[in-house]
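Per TrEMBL, the feature domain 'AB hydrolase-1' maps to 26-302. For Ser95, the entry in TrEMBL reads active site, nucleophile. TrEMBL lists Arg164, Asp297 with the feature substrate binding site. Per TrEMBL, active site is recorded for Asp266, His296.
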Amino acid sequence: MTGSTHVARGDSDEDGWWDGLVGPGKAIDTNRFFVVAANILGGCYGSTGPSSLAPDGVPWGSRFPYLTLRDSVRSEAVLSDALGIQQWHAVIGGSMGGARALEWAAEFPDRLRQAVILASCGASTAEQIALAQTQVLAIWQDANFDGGDYYSGRPPLAGLGLARRIAHISYRSEAELGHRFGRAAQGGEQPISLERGEQPELNRYQVESYLDHQATKLVQRFDANSYIVLTEALMSHDVGRGRGGLEQALLAAASVRFTLASVSSDRLYLPAQTEQLAAAVPGGVSVRSIDSKVGHDAFLLETGQIAALIAPALA
(Lines of atoms letter the chains of each structure in order from A and count residues from 1; the text may use other names and numbers.)
(Lines give C-alpha, C1' and ligand atoms only; values in the text may rest on other atoms or scores of the structure.)
Protein backbone atom coordinates (compact mmCIF):
# COMPACT_ATOMS: atom_id res chain seq x y z
CA MET A 1 0.00 0.00 0.00
CA THR A 2 2.82 2.39 0.80
CA GLY A 3 5.11 1.32 -2.02
CA SER A 4 6.34 3.68 -4.71
CA THR A 5 6.34 3.07 -8.46
CA HIS A 6 10.02 2.12 -8.27
CA VAL A 7 9.49 -1.58 -8.89
CA ALA A 8 12.98 -2.33 -10.25
CA ARG A 9 16.41 -0.73 -10.18
CA GLY A 10 16.76 0.11 -13.89
CA ASP A 11 19.22 2.94 -14.40
CA SER A 12 18.84 4.04 -10.78
CA ASP A 13 21.03 3.02 -7.86
CA GLU A 14 17.93 2.70 -5.68
CA ASP A 15 16.66 -0.82 -5.02
CA GLY A 16 13.22 -1.58 -6.40
CA TRP A 17 10.66 -3.49 -4.35
CA TRP A 18 10.55 -6.32 -6.91
CA ASP A 19 14.13 -6.20 -8.19
CA GLY A 20 14.36 -9.98 -8.15
CA LEU A 21 11.40 -10.33 -10.49
CA VAL A 22 11.47 -7.42 -12.92
CA GLY A 23 14.30 -6.78 -15.34
CA PRO A 24 16.16 -8.22 -18.34
CA GLY A 25 15.92 -12.01 -18.36
CA LYS A 26 13.88 -12.12 -15.15
CA ALA A 27 10.40 -13.57 -14.61
CA ILE A 28 8.86 -10.27 -15.73
CA ASP A 29 11.32 -9.86 -18.58
CA THR A 30 11.82 -6.27 -19.67
CA ASN A 31 13.48 -7.56 -22.84
CA ARG A 32 10.04 -8.91 -23.80
CA PHE A 33 7.56 -6.68 -22.02
CA PHE A 34 6.96 -2.99 -21.51
CA VAL A 35 6.35 -2.83 -17.76
CA VAL A 36 4.27 -0.06 -16.20
CA ALA A 37 4.08 0.44 -12.43
CA ALA A 38 1.48 3.13 -11.84
CA ASN A 39 1.43 5.19 -8.67
CA ILE A 40 -1.99 4.81 -7.11
CA LEU A 41 -4.39 7.74 -7.15
CA GLY A 42 -4.34 9.37 -3.71
CA GLY A 43 -0.73 8.41 -3.07
CA CYS A 44 2.26 10.70 -2.60
CA TYR A 45 4.69 9.54 -5.29
CA GLY A 46 3.44 11.52 -8.27
CA SER A 47 -0.27 10.89 -8.76
CA THR A 48 -2.67 13.46 -7.36
CA GLY A 49 -3.12 13.02 -3.63
CA PRO A 50 -3.93 15.02 -0.49
CA SER A 51 -0.48 16.63 -0.46
CA SER A 52 -0.87 17.82 -4.07
CA LEU A 53 -1.71 21.45 -4.68
CA ALA A 54 -5.35 22.20 -5.44
CA PRO A 55 -6.24 24.87 -8.02
CA ASP A 56 -6.13 27.49 -5.26
CA GLY A 57 -2.46 26.72 -4.64
CA VAL A 58 -3.08 25.09 -1.25
CA PRO A 59 -2.64 21.34 -0.64
CA TRP A 60 -5.89 19.42 -0.91
CA GLY A 61 -5.54 18.11 2.65
CA SER A 62 -8.95 17.50 4.22
CA ARG A 63 -10.67 18.50 0.97
CA PHE A 64 -9.32 15.49 -0.90
CA PRO A 65 -12.22 13.21 -1.90
CA TYR A 66 -12.90 9.71 -0.65
CA LEU A 67 -11.66 7.08 -3.10
CA THR A 68 -12.35 3.39 -3.67
CA LEU A 69 -10.04 0.91 -5.36
CA ARG A 70 -12.49 0.92 -8.26
CA ASP A 71 -11.78 4.63 -8.69
CA SER A 72 -8.06 3.85 -8.72
CA VAL A 73 -8.45 1.23 -11.43
CA ARG A 74 -10.53 3.58 -13.55
CA SER A 75 -7.75 6.16 -13.27
CA GLU A 76 -5.27 3.49 -14.40
CA ALA A 77 -7.46 2.84 -17.43
CA VAL A 78 -7.18 6.55 -18.26
CA LEU A 79 -3.40 6.19 -17.99
CA SER A 80 -3.57 3.21 -20.36
CA ASP A 81 -5.46 5.35 -22.86
CA ALA A 82 -2.85 8.09 -22.57
CA LEU A 83 -0.11 5.54 -23.25
CA GLY A 84 -2.02 4.14 -26.22
CA ILE A 85 -2.33 0.68 -24.64
CA GLN A 86 -5.61 -0.98 -25.59
CA GLN A 87 -4.92 -4.32 -23.92
CA TRP A 88 -2.42 -5.44 -21.28
CA HIS A 89 -0.72 -8.79 -21.61
CA ALA A 90 -1.10 -9.09 -17.85
CA VAL A 91 -2.06 -7.06 -14.82
CA ILE A 92 -0.06 -8.26 -11.82
CA GLY A 93 -0.32 -7.33 -8.17
CA GLY A 94 0.09 -8.46 -4.60
CA SER A 95 -2.01 -7.40 -1.61
CA MET A 96 -3.72 -4.11 -2.55
CA GLY A 97 -2.18 -4.50 -6.01
CA GLY A 98 -3.87 -7.88 -6.28
CA ALA A 99 -7.20 -6.29 -5.41
CA ARG A 100 -6.64 -3.75 -8.18
CA ALA A 101 -5.75 -6.53 -10.64
CA LEU A 102 -9.02 -8.23 -9.75
CA GLU A 103 -10.92 -4.98 -10.28
CA TRP A 104 -9.25 -4.65 -13.67
CA ALA A 105 -10.58 -8.07 -14.65
CA ALA A 106 -14.11 -7.25 -13.52
CA GLU A 107 -14.26 -3.67 -14.83
CA PHE A 108 -12.24 -3.93 -18.04
CA PRO A 109 -12.10 -7.63 -19.02
CA ASP A 110 -11.41 -6.84 -22.68
CA ARG A 111 -8.36 -4.79 -21.75
CA LEU A 112 -6.24 -7.54 -20.20
CA ARG A 113 -5.40 -11.10 -21.16
CA GLN A 114 -4.57 -12.31 -17.70
CA ALA A 115 -4.56 -11.30 -14.06
CA VAL A 116 -1.89 -12.48 -11.65
CA ILE A 117 -3.13 -11.98 -8.09
CA LEU A 118 -0.94 -12.66 -5.06
CA ALA A 119 -1.93 -12.60 -1.37
CA SER A 120 -5.24 -10.87 -1.92
CA CYS A 121 -8.99 -11.50 -1.85
CA GLY A 122 -12.34 -10.68 -3.42
CA ALA A 123 -13.50 -8.39 -0.62
CA SER A 124 -12.05 -6.95 2.57
CA THR A 125 -13.39 -8.81 5.60
CA ALA A 126 -14.72 -7.36 8.84
CA GLU A 127 -11.43 -8.18 10.56
CA GLN A 128 -9.39 -6.49 7.84
CA ILE A 129 -11.60 -3.41 8.02
CA ALA A 130 -11.27 -3.34 11.82
CA LEU A 131 -7.48 -3.58 11.62
CA ALA A 132 -7.42 -0.80 9.04
CA GLN A 133 -9.65 1.43 11.16
CA THR A 134 -7.23 1.28 14.09
CA GLN A 135 -4.50 2.61 11.80
CA VAL A 136 -6.67 5.47 10.57
CA LEU A 137 -7.61 6.38 14.15
CA ALA A 138 -3.95 6.40 15.19
CA ILE A 139 -3.35 9.21 12.69
CA TRP A 140 -6.58 11.07 13.37
CA GLN A 141 -5.80 11.23 17.08
CA ASP A 142 -2.33 12.70 16.62
CA ALA A 143 -2.47 16.27 17.97
CA ASN A 144 -0.66 17.50 14.85
CA PHE A 145 -3.20 16.04 12.41
CA ASP A 146 -5.32 19.22 12.41
CA GLY A 147 -8.18 17.58 10.53
CA GLY A 148 -5.81 16.73 7.69
CA ASP A 149 -4.67 20.32 7.06
CA TYR A 150 -1.23 20.08 8.64
CA TYR A 151 0.96 20.97 5.66
CA SER A 152 1.89 24.42 6.94
CA GLY A 153 2.87 23.02 10.33
CA ARG A 154 4.18 19.84 11.90
CA PRO A 155 2.99 16.58 10.30
CA PRO A 156 1.38 13.85 12.45
CA LEU A 157 4.46 11.65 12.50
CA ALA A 158 3.66 9.94 15.81
CA GLY A 159 0.24 8.84 14.57
CA LEU A 160 1.60 7.70 11.22
CA GLY A 161 4.35 5.75 12.97
CA LEU A 162 1.83 4.04 15.22
CA ALA A 163 -0.32 3.17 12.21
CA ARG A 164 2.71 1.59 10.56
CA ARG A 165 3.50 -0.46 13.66
CA ILE A 166 -0.06 -1.82 13.77
CA ALA A 167 0.02 -2.69 10.09
CA HIS A 168 3.47 -4.24 10.13
CA ILE A 169 2.52 -6.77 12.79
CA SER A 170 -0.09 -8.11 10.37
CA TYR A 171 2.46 -8.22 7.55
CA ARG A 172 4.61 -10.74 9.40
CA SER A 173 3.71 -14.07 10.98
CA GLU A 174 3.84 -14.98 14.66
CA ALA A 175 6.39 -17.68 13.85
CA GLU A 176 8.68 -15.28 11.99
CA LEU A 177 8.59 -12.66 14.74
CA GLY A 178 9.19 -15.33 17.36
CA HIS A 179 12.11 -16.85 15.45
CA ARG A 180 13.79 -13.51 14.76
CA PHE A 181 13.25 -11.81 18.10
CA GLY A 182 11.73 -14.03 20.74
CA ARG A 183 11.76 -12.20 24.06
CA ALA A 184 15.28 -10.84 23.64
CA ALA A 185 16.14 -7.35 24.83
CA GLN A 186 17.39 -4.75 22.38
CA GLY A 187 21.15 -4.27 22.74
CA GLY A 188 22.04 -3.19 26.26
CA GLU A 189 18.49 -2.08 27.04
CA GLN A 190 16.49 -3.40 30.00
CA PRO A 191 12.80 -3.95 29.17
CA ILE A 192 12.22 -5.53 32.58
CA SER A 193 13.25 -2.72 34.88
CA LEU A 194 11.93 0.21 36.85
CA GLU A 195 13.47 2.52 34.25
CA ARG A 196 11.14 1.23 31.54
CA GLY A 197 8.27 3.22 32.99
CA GLU A 198 10.33 6.41 32.79
CA GLN A 199 12.07 5.81 29.45
CA PRO A 200 10.25 3.05 27.54
CA GLU A 201 11.91 4.10 24.28
CA LEU A 202 15.30 3.20 25.77
CA ASN A 203 14.29 -0.05 27.44
CA ARG A 204 12.83 -2.19 24.68
CA TYR A 205 12.51 -5.73 23.53
CA GLN A 206 14.09 -6.42 20.14
CA VAL A 207 10.69 -6.69 18.49
CA GLU A 208 9.80 -3.22 19.78
CA SER A 209 12.99 -1.81 18.28
CA TYR A 210 12.12 -3.53 15.00
CA LEU A 211 8.69 -1.88 14.90
CA ASP A 212 10.25 1.47 15.80
CA HIS A 213 12.61 1.06 12.85
CA GLN A 214 9.77 0.26 10.45
CA ALA A 215 7.82 3.29 11.68
CA THR A 216 10.81 5.62 11.34
CA LYS A 217 11.44 4.50 7.77
CA LEU A 218 7.84 5.11 6.73
CA VAL A 219 7.33 8.54 8.30
CA GLN A 220 10.40 9.80 6.44
CA ARG A 221 8.92 8.98 3.04
CA PHE A 222 5.11 8.87 3.24
CA ASP A 223 2.27 11.31 3.77
CA ALA A 224 -0.21 10.64 6.58
CA ASN A 225 -3.22 11.79 4.58
CA SER A 226 -2.27 9.47 1.73
CA TYR A 227 -2.01 6.65 4.25
CA ILE A 228 -5.59 7.35 5.35
CA VAL A 229 -6.94 7.69 1.80
CA LEU A 230 -5.35 4.43 0.65
CA THR A 231 -6.28 2.54 3.81
CA GLU A 232 -9.91 3.57 3.42
CA ALA A 233 -9.77 2.63 -0.26
CA LEU A 234 -8.62 -0.84 0.73
CA MET A 235 -11.42 -1.02 3.29
CA SER A 236 -13.83 -0.39 0.40
CA HIS A 237 -12.58 -3.36 -1.62
CA ASP A 238 -15.41 -5.64 -2.72
CA VAL A 239 -15.31 -6.68 -6.35
CA GLY A 240 -18.89 -7.92 -6.09
CA ARG A 241 -20.26 -4.58 -4.86
CA GLY A 242 -22.93 -3.35 -7.27
CA ARG A 243 -22.29 -6.31 -9.56
CA GLY A 244 -24.49 -8.97 -7.99
CA GLY A 245 -21.80 -10.55 -5.83
CA LEU A 246 -18.38 -12.08 -6.45
CA GLU A 247 -19.37 -14.86 -8.85
CA GLN A 248 -21.57 -12.59 -10.93
CA ALA A 249 -18.83 -9.96 -11.09
CA LEU A 250 -16.32 -12.48 -12.41
CA LEU A 251 -18.65 -13.84 -15.08
CA ALA A 252 -17.76 -10.76 -17.07
CA ALA A 253 -14.10 -11.79 -16.80
CA ALA A 254 -14.56 -15.23 -18.38
CA SER A 255 -12.05 -14.33 -21.10
CA VAL A 256 -9.35 -13.43 -18.56
CA ARG A 257 -6.84 -16.07 -17.50
CA PHE A 258 -6.24 -16.00 -13.75
CA THR A 259 -3.15 -16.98 -11.79
CA LEU A 260 -3.82 -16.96 -8.05
CA ALA A 261 -1.42 -17.51 -5.18
CA SER A 262 -1.69 -17.28 -1.41
CA VAL A 263 0.98 -17.23 1.30
CA SER A 264 0.90 -20.23 3.62
CA SER A 265 1.57 -18.15 6.76
CA ASP A 266 -0.44 -15.05 5.80
CA ARG A 267 -2.62 -13.89 8.67
CA LEU A 268 -3.78 -10.70 6.95
CA TYR A 269 -5.15 -12.27 3.75
CA LEU A 270 -5.84 -15.84 4.72
CA PRO A 271 -5.27 -18.59 2.14
CA ALA A 272 -8.94 -19.52 2.52
CA GLN A 273 -9.88 -16.14 1.03
CA THR A 274 -7.86 -16.90 -2.09
CA GLU A 275 -9.55 -20.29 -2.33
CA GLN A 276 -12.92 -18.55 -2.14
CA LEU A 277 -11.86 -16.23 -4.94
CA ALA A 278 -10.63 -19.15 -7.05
CA ALA A 279 -13.96 -20.93 -6.69
CA ALA A 280 -15.73 -17.87 -8.11
CA VAL A 281 -13.58 -17.68 -11.25
CA PRO A 282 -15.54 -19.02 -14.26
CA GLY A 283 -14.46 -22.62 -14.80
CA GLY A 284 -12.50 -22.59 -11.57
CA VAL A 285 -8.77 -22.17 -11.09
CA SER A 286 -6.23 -23.76 -8.78
CA VAL A 287 -4.41 -21.71 -6.14
CA ARG A 288 -0.64 -21.84 -5.91
CA SER A 289 0.87 -21.65 -2.44
CA ILE A 290 3.88 -19.51 -1.59
CA ASP A 291 5.37 -21.59 1.21
CA SER A 292 6.91 -19.18 3.68
CA LYS A 293 7.17 -18.48 7.40
CA VAL A 294 7.40 -14.72 6.77
CA GLY A 295 3.69 -13.99 6.56
CA HIS A 296 1.93 -11.57 4.22
CA ASP A 297 5.16 -9.84 3.16
CA ALA A 298 6.26 -13.05 1.46
CA PHE A 299 4.70 -11.69 -1.74
CA LEU A 300 7.57 -9.16 -1.70
CA LEU A 301 10.32 -11.37 -0.31
CA GLU A 302 9.94 -14.90 -1.72
CA THR A 303 11.01 -13.87 -5.20
CA GLY A 304 12.19 -17.34 -6.22
CA GLN A 305 8.80 -18.94 -5.62
CA ILE A 306 6.96 -16.00 -7.15
CA ALA A 307 9.15 -16.09 -10.25
CA ALA A 308 8.32 -19.78 -10.65
CA LEU A 309 4.61 -19.02 -10.85
CA ILE A 310 4.75 -15.74 -12.78
CA ALA A 311 7.12 -16.80 -15.57
CA PRO A 312 4.85 -19.60 -16.90
CA ALA A 313 1.83 -17.32 -16.65
CA LEU A 314 3.50 -14.76 -18.91
CA ALA A 315 4.85 -17.29 -21.40
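In case you wondered, yes, glycine gets a Cβ from its N, Cα and C as well.
In TrEMBL, annotation is done automatically, which means it is predicted and not curated.
All protein chains considered, the CB of His296 (active site) has 23 other CB atoms within 10 Å.
Arg164 (substrate binding site) has a Cβ environment of 25 other Cβ atoms inside 10 Å.
The average pLDDT for the domain 'AB hydrolase-1' (26-302) in the predicted structure is 96. The two recorded residues the residue listed as 'active site, nucleophile' and Arg164 (substrate binding site) have their Cα atoms spaced 16 Å from each other. A sphere of 10 angstroms centred on the C-beta of Ser95 (active site, nucleophile) encloses 24 other C-beta atoms.
Following the DSSP three-state reduction, the secondary structure of His296 (active site) is coil.
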